[in-house]
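Structure record follows, encoded as structure tokens.
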Amino acid sequence: MLARNILQASFGCPGLSLAFPKKRISFLQTLTTGHSVFKTFRMDGKKEPEESQDTTSAGADSATTAVPMEDTNPSSSTESSQTSSTEPGLLPGETVVREGKAAILFPSANEVFYNPVQEFNRDLTCAVITEFAREHLAQRGVRILVPGEKDRVVVRLSEEKNGTEDQEASEQPEKERQKEEEGDKKEFITASVGERCEQGLRVLEGLAASGLRSVRFALEVPGLKSITANDYSAKAAALIARNAQHNNVSHILQARQRDASMVMYEARGKKERYDVIDLDPYGSPSPFLDAAVQAVSEGGLLCITCTDMAVMAGNSGETCYSKYGSMSIKSRYCHEMALRIILHSLDQRAAVYQRYIEPLLSVSVDFYIRVFVRVKTGQAVVKNSASKHALLYNCVGCGAFHLQRMGKKMSQGKHMKYSAATGPPVGPNCEHCRQRHQLGGPIWAEPIHDIKFVQKVLGAISGNPTRFRTSKRIEGVLSMVTEELQDVPLYYVLDHLSSTVHCNTPPMLQFRSALLHAGYRVSLSHACKNAVKTDAPAGVLWDIIRCWEKSNPVKRERLSETSPAHLEFSFNANPQSRKRHLTRFQENPQANWGPKARAKAGGGISSELEDKRKQFQGKRKKPITDSSQLKSLPCKKFRKGTCTYGDKCCYSHELEQETNEKKMD
């Protein structure tokens, strides 16, 4: 009771802490401190000097200094760990979660949401925002410095290169050198991590929860002016403020307790907009998309996460339509379709305000999807919106799909003409299995990645692999992204193709080789292990599967009548006229019936013509296989006097001589 009274008095009069010697500070640490922060003093009344930057303390702009915590090892930036509540400075039941360079306080109760599985999501976001800041701030004369980063390396993994691409690749280093030389002549402001940059980016995390993502931005992403970490929960907002002080980033990070939509709606003015908006909700982000496309600055970055994959993957198509304006269907390509659904929704909402999106990176990972899009304004470009979206026809039997664009644009000189698209691209039933079609979409039908931007992110990750704990996985995912066919929406799954005909799955390499030899392009997809993205029509795929099935046959009785593996022709297709033995063609009335020889004076047919017909009768049915048999045939060239072989000729010259002698007689 005495200790509690002394503690209460110390809040009202900080000078009372002089009564406690320096060693008694540990006594105060064991008391229930709530959200209060203590000041430490010497016995002579002077303040205790601030801790060095290596120790974790409160924010640098705060008037008070937090109770010192354990020193943070710089090498622990790539490790994620938890510290029990016995660590000094923690409230009862609290733990410290370390991820990246951040050390976050968490209550043991489920009062604030935290998902450790999404560490990959947060690492990837830090890498993307870093490259976005590098491009965006270069126009403002700011150069960012990333710890551990050396020379920049642009990674190219595309297999298909033509002469133009090779020439561009050879010219690119020269252009980069020229830009670097010009950049050296200019004066740049250097921005480092953990420092406030007045010309930097303004970042908003609308649904911050514990503030882990925002704290990592402040500690790992250079070139930031301010970070607003908002959450509607009072406990979450208080925890964000504590974590900001705990990580010494209060000079950059500010905690807010507001509705995320209202925060963004209030920032619709051109001067109040945010350069980066990150939305990572628990579930669907659809309630916040309308405000987000308005609150992001011109050319700004939107980072959106969707975890309601059951809705977007086709389990509840009607719910997906109500949230995103698109009908989802169950299919093998559902993960990429989910990415295209959220991009369609973003572009549709942005078009209302004469804005449009440019996807930089779209990935399907684990149980969620993540998209990074740049938002710009332009009335002329918005007119192309209809031609960027498409309806989807999906066969319920074999899985063949077709896209139908919503609009069509044609170039007429310097102007563009827009009109409605024509369709549909399919008939009532599938041409391969005669099953019905499902109608899905609309979905985004344009590329979902900016390969040049992805290559920059990949080069930064490859050049600095110790920056993130999940660097290897990020490098693998981005490498597959750069290999994807950008102008080919959706994909087929090789397992599904082979299971439809009940045969063994062909090796991916052989299947890819077959498509390439057929003259089509093919690639893998990061969204599915055995995915096949190709510009080949579905009929070519089924032809390859049929050829594979012939060399690896299955029992025909295992196939259904509507399986694409069934040959489309039948050997018992006997028409009714044949079954009834009707006279369908006229019979020959006599021997040698047919076209006759030209009429002659006296009529009749010469005996020579009759003999000639008998001589060549059935010669094609009994072909000559032995060259010695040719001696029984006359030589036509000898008859004309043009044969130069003489006695070596394989045809007979004697027969011709006998015939001439008979004519002479």
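From the backbone N, Cα and C atoms, a Cβ is placed for every residue, glycine too.
Annotations in TrEMBL come from automatic prediction, not curation.
Some features that TrEMBL has for this protein:
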REGION    42-93  region 'Disordered'
COMPBIAS  54-66  compositional bias 'Low complexity'
COMPBIAS  75-87  compositional bias 'Low complexity'
REGION    157-186  region 'Disordered'
COMPBIAS  172-186  compositional bias 'Basic and acidic residues'
REGION    591-628  region 'Disordered'
ZN_FING   629-656  zinc finger
DOMAIN    629-656  domain 'C3H1-type'
Let me spell it out: take the zinc finger (629-656), skip the flanking residues so only those 6+ beyond its ends count, and list any with a Cβ under 8 Å from a Cβ in it.
none
Please spell out the DSSP helix, strand and coil residue counts for the domain 'C3H1-type' (629-656).
15 helix, 2 strand, 11 coil
Restricting to the domain 'C3H1-type' (629-656), what is the model's mean pLDDT?
81
